[in-house]
Amino acid sequence: MRLQRSPALAAVLILITCVCAFYTTAAINIPLEIEQLPTITAQPPSSLIAFPFDESFPMTCEAKGNPRPEFRWTKNGQEFNHSVDPRLMKEENSGTFVIPNNGNLTEYQGTYRCYASNTLGTAVSQDVEFIVSNEPKFPKETLDPVKVDEGQPFILKCDPPTGIPPLQIYWMTISMQHIEQDERVSVGLNGDLYFSHAMEKDSRTDYCCFASFPRIRTIVQKTAMSVHVKPTIAILERRPSLLTPPGVQSEKQLVKGDDLELECIPGGIPTPKVEWAKMGLELPDGAEVENHGKLLIIPRADQKDSGKYMCKAKNPLGEAVHYFTVTVEEPPEWVSEPRSQLSMIGTDVLIKCSARGTPEPSITWRVNGVPLKDSPAANRRIFDDTIIIRNAKASDSAVYQCEASNRHGSLLSNANIMIRNLPPMILTKDGEGYFAVESRGVTLHCNAFSSPPSTITWSKEDSSETVEGSRFKIHDNGSLEISRAEKSDAGQYTCLAKNTEGSSNIDAMLYVKDATRIVVTPEDQQILKGSEAQLSCLAEYDESFSHDFELVWEKDDIELSFNDTVNLRYFVEDSVLHIVNVSHGDQGVYRCVARTPVDQDEASALLMVLDVPDAPENLVLSEHRGRSVKLTWIPGDDHNSSITDFIIEYEENKWEMGKWRELLRVSRNQNSAVLRLHGHVEYRFRVYGVNSVGAGPPSKPTEMYRTPPAAPDKNPENIKIEGHLPHEMDINWEPLLPIEHNGPGLEYKVSYRRQDVEEEWTEHTVKRHSFVVKNTPTFVPYEIKVQTKNNQGWGPEPRIVSGYSGEDFPSTAPDDVAVEVMNSSVVKVTWTPVHKDKLRGHLGGYRINWWRLRSLVDSKKRHGDKHMLTFPGDRNHATVPGLTPFSEYSLIVMTFNGRGNGPGSHPINFKTPEGVPEKNPVFRVTDVQRHSVSLTWTPPSEPNGILTGYLLEYQLVNGTEEVGALQTIDINNPKTSKWVLRDLEPLSKYKLYLRSCTTKGCGPVVSEECTTDLETSLASVHGGISTQGWFIGLMCAIALLTLIVLIACFVNRNKGGKYSVKEKEDLHPDVESQGMNDDTFCEYSDNDEKPLKGSQHSLSREIKAGDSGDSLVDYGDEDAQFNEDGSFIGEYGPRKEKRVSAEIKAPVQTPA
């Protein structure tokens, strides 16, 4: 029913619209607890094709509502009771049924619609067409042969059967060979095969049209057709004509989104060319021309592609034209789709439905599935595309259907119109707890349903006042949003929903927690394969979540599990992810997620695994040109480290089979190289890449490549001319490697001649790599060249090298040899060089021989070892170091060449001046007392002059950083070898220094350390230990031993008492047996002579100075000899007993 709109009516409609907008809601979602109209939730597609290979075909229809909806179906507009058909499968409380593919489906073919109804109304699904596909078949027929004159156009009809699109046409022979298509022969959109003009080669008896239906997996074949082309004597040219489409003009209609396809297939001789144009405009962007120019395609056409198009077929005799009028139409599309509404009783309700399309869609209204005219209502009116329900009542609740349709399709929409007054119903659970993170937002929900809509307020902690502030916002859906939550926001909140019908409220509890934050983030890493990667991740979080916090690791968005056997190489320790034995599969993005029940933080890092390059692949040899070939390859993965070089290696199977050698190195940006090869060799090649990590594995070898034999490419290198004998010249060279022979029969041609002399080359051919020229003058220059040859020919022209024949010993010695003394150990030697004519060879240099005749300290001559220094090159002077001072030497000078030394010069004698002495080999502390120290030493082995005395120095050190002043004693008697230092501090550490001196100065120092003694009385010792039991026992044992010794001595004295020496020995007991010098605590600084440390103290400390033993002087032998330890060597009559007697005397400041 359509009415003409008046201006007054329009004004009323606008007013009603404003009022309804105030009281209605759109896209309502009513809780199922509330009585409501049915709503379709699932329905079938607009068409359902029964493919023969499908097992069943579901007709879906689901709906919700309160009361629960009941379902019914119509088929082709008639009631269809699917529940009574035993072949159909049904579902409980559902409108869905399933058609099984187990019989004749044709009876189910038709258009279906589902209805879902309850006591309030009925919802309707869209139409669904159930299509049963019949097997497409060509009719069985007998086709007459097509007879055509040569040069005439003709068409072979296909007329494919109908079936489920898409349809694909193929023209082939009985043997399944495609009919070749070109500008003359082509297949049209209708499947026919067009020939622009017949040719004799078109005659055949097996033209077959095949129709393919991919969706039903079927291909059918038409009966083979026969064509006979009758040849003509002369083929006349013809102007173009269009075999399709017929006429001059045609119309083309299509639906928006489909491909526009326009076709012009011409006939004529020569074969016409086809051109396309759009009248008044250029062809649209994306337009394509196919089928040799005969087909114009515009993909996904829309309204702008409508218009007039022209095709023109041309050849030299003329042209043919056809015009297409193209109209792009559209199926219906919603402009204003009706919306479900919940309105209050007594309000006016507007339901608007409008659609567009080409042609313009028609609008059909239904209420509860019944046409509007069959369900009248006094308070309902239609204004064009709008229904108005005035002063709506609860009984006006219904489901309104609006359907827009044109010839290209239809649209159906259900709008649930609910007229109710309802008190608020809060759908959010009461007592819900919310967790917020400090400084972040949180939303507390209060989803309320009511009619009219409720007013929502929020309060906190039983306060009647609404929460206020810039951080608080109540949304239209009732939710309370709190921005930048604070700890003080925690607590209980109350949501109150209120309208004219009543009110309702719920409570919500808010907890505010500290934010979770990652403080140590993982960092990007590049790590070598096989090593261990470590990614750190440390997070801070609210302490209340200590049992709910988790740290999760993800790799490439997949969580890592550490409890299975797959990831044994992954483990986490102290917030660090360890990846052991890293492999290529470990590369990726690792994300650390720190998570609590309320929030989370995450950080990620890229782990790149570095490795040597993979082996290159697909090695191919091409461009074979005898001794060169081109090698190409595909580089392997560089594993995150750019390849710097490719190394090409070769293996040959004749000389060094199984050994690979480098042939060529190319840069990283090359994947091919031309290889220059030797002749008469069978090669295999391989390639490997190098990056910063190292060299990768080699590729698989290529197939064998054999090069033909050729003349040598090179001559020998490193030619050496030597003369081991005076009248011979040895010529040696570095032989060619076997692989460099380039073929069999390698020989060397040796050519030589005197230099600067007009004479011919003397030539010899040898197989070895050396040649000796006999009977040559001594040391004469020659020119030599060596050239290679093999069975294929001579090598390149050799270069000439120069050399000399054999050398002989120099014939004369240097003249005018002189010596200049530089200091006590260095002299400078000068001479006149030997003339080159006397050298008789290559000058090697000069040699100086020298030897020491004697020391000037004594007059005895002794011939020392000879020494020699070599000075290469042509020179007339040299320096001889390392001489002993205060000595007499002799030297000679000679020259030498490659053969050997020449005669020596006349010996020259010279003397070195005095120097400073060497260090004293022995310097010891022999006795230490409370205030004095006794010293002994030996003279230097090499005084390097006449000794004038010694320099003795000492200072107090005491083991502290500060040391005492250095005290110096000049000893002017060179024969002095003992000294006593007096007036020293008791129990103090001293550093002692000694140097020997000549008139040139004092030599290197030798040092000693010593600690003075602390005098202790025997009484004080006895007083401390005499009462100890162990001491009493020890004294008894000593008394017993002393008694035994006295008895032994008495017996011994009776046996030899008549000897005066024996008496003296008895009076002066052997001090050495009493532990002489055991009380000395010294350290000798010279590494060669260090006394033992920590030796036990002797009991001689208890002997008083006045009771000391005799000195060695008592024996009356001042020239006595001493052992290395300082002991005296002497004889006492025939008994030959050796004794040492020492005396501990009071120190005096005099020589010892």
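Note: Cβ is positioned from N, Cα and C throughout, glycine not excepted.
According to TrEMBL, the compositional bias 'Basic and acidic residues' annotation covers 1133-1142.
Summarised by DSSP class, the composition of the domain 'Ig-like' (38-125) is 6 helix, 44 strand, 38 coil. The domain 'Ig-like' annotation in TrEMBL covers 38-125 (among others).
Mean pLDDT for the domain 'Ig-like' (136-226) in the predicted structure: 93. Annotation source TrEMBL lists domain 'Ig-like' at 136-226 (among others).
The annotation domain 'Ig-like' is assigned in TrEMBL to 240-327 (among others).
TrEMBL lists 332-418 (among others) with the feature domain 'Ig-like'.
The feature domain 'Ig-like' is assigned by TrEMBL to 423-511 (among others).
Taken from TrEMBL, the feature domain 'Ig-like' covers 516-604 (among others).
Among the features that TrEMBL reports, domain 'Fibronectin type-III' is placed at 615-710 (among others).
If you look up TrEMBL, you'll see 715-808 (among others) marked as domain 'Fibronectin type-III'.
What TrEMBL records for 813-915 (among others) is domain 'Fibronectin type-III'. As a summary of secondary structure, the domain 'Fibronectin type-III' (813-915) carries 4 helix, 50 strand, 49 coil according to DSSP.
Per TrEMBL, domain 'Fibronectin type-III' is recorded for 917-1016 (among others).
Among the features that TrEMBL reports, region 'Disordered' is placed at 697-716 (among others).
Look at TrEMBL and you will find 1065-1152 (among others) tagged as region 'Disordered'.
The signal peptide annotation in TrEMBL covers 1-21.
Summarising the annotation, TrEMBL assigns transmembrane segment to 1030-1051.
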If you count CB pairs under 8 A between the domain 'Ig-like' (136-226) and each of 38-125, 332-418, 423-511, 715-808, the winner is 38-125
Secondary structure content of the region 'Disordered' (697-716), with strand meaning DSSP E or B = 0 helix, 2 strand, 18 coil
How many of the residues that make up the domain 'Ig-like' (332-418) does DSSP mark as helix, as strand and as coil?
-> 6 helix, 52 strand, 29 coil
